[in-house]
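K.L.:
Let me give you the structure first, and then I'll get to my questions.
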């Protein structure tokens, strides 16, 4: 996991020979192939996974009334847009793949960045992908079990098949993966458009009892600040993925222009779709019916589509299938970036010599998600994801303020008012405090998992003078992994800099500091 081990394994004979192969006139490399439309597809496709089809139940249950639930959806969308503004500035100031991991590492140092990566490896992204895959399974199997819930083993098995298939697609071709993403993103929007149109038809028929102010804010249980905070966490899960484009910055065409544009287009679009989809839900279902449903969109379709109700579970299943694909695509790039910085085994920073896909990182992502499938309580997983995500979102946005103070003259193609990160951090603090108050065990377990990364960092990354036998073992495993996956270190010239053929993978220079490394603070 150290830089030395990474470079030693990179100089093996097979790596040098394979790295000399030419790909479009240069070394094997990731390529800048993501334009504005594809960038919007990545953001929208990753946000609209399973959240809007699963979280309405969790948001309603904790918000205690229809009106408060709609307020939660609107406010969460606004806060997401503010967070995206902050990430847009950071993304063009620190134009590195890896998203908030890269920003936290460059601003606060190697340990902080490693903890962000560690919790992402162990909890956040495997959990997110497991939840979406389980939702896919639930919507596929629900029509086969109309009078009961599908068996848990069946859900897990189908989710595993989904993950394995999409991992194979992503390993085979970047083009295939992006085509799958584009097609299924369109399918997601069509499914939600159908829900919204049916909701508008219901309103025109006078079916808006739960939208009238007197009824909308009639609580079916007592309002509780802690529960409302949990409702915001459930809503934040549905918006999760808004920062995923920052993970593939180096593969963007003209990132200084397309990164902020994609964010400004996608976040308002998703917020609009989410709010009106939830309005549509309550035109056909009472709060009690919505809470009793294990598949909200399917129940909605059964009430309004009659014999054509099969359209809804198929649409939602296809939507969540695309969500798994998008999450695999982006999260594997995060692990790829972490390995390139020396924070994960160097094998994960390699790509296939012909297909130019990060096969080891994809296989690692798939394996960790399959392990997470052993836990099938979807809402507990959502709480883990929401709390830990918000923890590091806040740390990253705080880093924006720190960076402004430390380096006020640093070139920033986008420069927003500091009032926006302050507003975001106030909301962030509200969520964390009341989440800890309401769910101390869930939040405590998440924090404990994160802190287990501290000894791992000092043993695996910070400690340079490891025993020679350990370094030899790591080199041997890396070599075997290279032979098995037919992968080499990428030449960085096609994405972030220039490089000669056969050149070993370089440590990417931060725009904030010329110092190397895992321990570099500003």
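Cβ atoms here come from the backbone N, Cα and C positions, even for glycine.
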K.L.:
Can you dig out which of the ranges 92-114, 115-137 TrEMBL describes as transmembrane segment?
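P.N.:
Going through 92-114, 115-137 one by one, TrEMBL gives transmembrane segment for 115-137.
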K.L.:
State the residue range annotated as transmembrane segment by TrEMBL; the candidates are 444-463, 464-483.
P.N.:
444-463
K.L.:
Given pairs 6 or more apart, does the transmembrane segment (157-177) have at least three Cβ pairs under 8 Å with the transmembrane segment (304-324)?
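P.N.:
With 3 or more qualifying Cβ pairs, these stretches touch.
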K.L.:
Are there residues at least 6 beyond the ends of the transmembrane segment (189-211) whose Cβ is under 8 Å from a Cβ of it, and what are they?
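P.N.:
Distal contacts: 44, 48, 52, 66, 273, 276-277, 279-284, 286-287, 297, 300, 304-305, 311-312, 315-316, 318-319.
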K.L.:
Hey, would you say the transmembrane segment (387-405) packs against the transmembrane segment (115-137), going by three or more CB pairs under 8 A that are 6+ residues apart?
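P.N.:
Between the transmembrane segment (115-137) and the transmembrane segment (387-405), which are separate recorded stretches, there is contact, as judged by 3 or more close Cβ pairs.
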K.L.:
Which range out of 66-88, 115-137, 263-284, 304-324 gives the transmembrane segment (417-438) the most CB pairs under 8 Å?
P.N.:
66-88
K.L.:
Determine which recorded stretch among 115-137, 223-242, 263-284 has the most C-beta pairs below 8 angstroms with the transmembrane segment (66-88).
P.N.:
263-284
K.L.:
Does the transmembrane segment (304-324) come near the transmembrane segment (115-137), with 3+ Cβ pairs under 8 Å (pairs 6 or more apart)?
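P.N.:
When sequence-distant Cβ pairs are counted, the transmembrane segment (115-137) touches the transmembrane segment (304-324), since at least 3 lie under 8 Å.
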K.L.:
So which of 115-137, 223-242, 263-284 has the most C-beta pairs under 8 Å when paired with the transmembrane segment (444-463)?
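P.N.:
Selected stretch: 115-137, with the most Cβ pairs under 8 Å.
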